[in-house]
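Asks: Handing you a structure now.
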Amino acid sequence: MASVASKVSSSQPQSQQDTSTAAAAAASSSSQLPASDSASSIGANGSAGPDTTAEISASGSTSFGSTGTSADLDVITTVFQDQNHFNVKHPLWHSWTLWFDNPSAKAGGGNHKGGKDSWGDLQIKVVSIESVEEFWGLYNNIIPPSDLPAKANYYLFKEGIRPAWEDEANTNGGKWSIQLPRDKSKDQINTLWLHLMLQAIGETLEASFPDDAPNRDAAADQDLVTGVIMSARPNFYRIAIWTRLADDDLDAHAASPDRDAPATKLANRLLDIGKQFKVNVLGYKLEAKTGAGSTGFSTEVEFQSHRESEKRKGKKTVL
């Protein structure tokens, strides 16, 4: 399994480099942050606090309990020095919100037959996080993907963006995704989801690929990644990266000789996200096949616009 990327382009603002480095450092030390002693606490109002933790059940309900921890404000202590008694936080470049839904828990566990509006009503806004420490406080107190019931979903999206096509940040976008057979990937899905979230909050999904390539994002007007999703289904898991813009002809536009054309730049930025996903999150070599076709429940790493995904045989790009 590839480690979470820790390099950030030197053209990014220093504060963003610090954020990405902190997130990557937190990833490398994740094995030292047990669920019973979370690195941070998330208050019921979504803010960090030393006395409460957030817990979410498989049915989607959220509860809060006491940790009894405190910080000595006279001594600067980071979470890497003391998991329970720290008073310095590493702020994230963006605030993020975790959402959750479990349609199978509604109506006595039956299938939910509602439309888009009623489906959106099932989404629960769990908590927002603003620091690496708050992320670990959240992560260590929620059910891991491998234990989620079928049809449940986790959504980690930038603050202010709802995990729905109808949100204006997603309307013209698309997604990179992979589908993995549940019986063959249950032992690794927790690690894959953790790595994807860390790449997202560390702002490394949009880094140029490979790491020493020219930074295509330096002059970008806006970031592309809006959120990441983990979906549990009876026979498979699906993890995805949502983007605010899409291109239905990625390969053709990326190969254009006009390197300064907007379509070419967008295509290459989207492809870089897919490459980061495949190599630094999933752990595959770029040229490797992921095993799609071995069962009916697996796919390659694919990009598809939300518009095309509504079609029976919509266009897609396979990496």
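Cβ coordinates are placed from backbone N, Cα and C, and glycine is handled just like the others.
Per TrEMBL, compositional bias 'Low complexity' is recorded for 1-49, 57-66. TrEMBL lists 1-66, 297-319 with the feature region 'Disordered'.
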Asks: Is the region 'Disordered' (297-319) packed against any residues at least 6 beyond its ends, judged by a Cβ distance under 8 Å, and which are they?
Replies: 165, 170-171, 173-182, 235-236, 246-251, 270-271, 274-275, 277-278, 282, 284, 286, 289-291
Asks: Based on DSSP, tally up the residues of the region 'Disordered' (297-319) by helix, strand and coil.
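Replies: Its residues divide into 4 helix, 6 strand, 13 coil.
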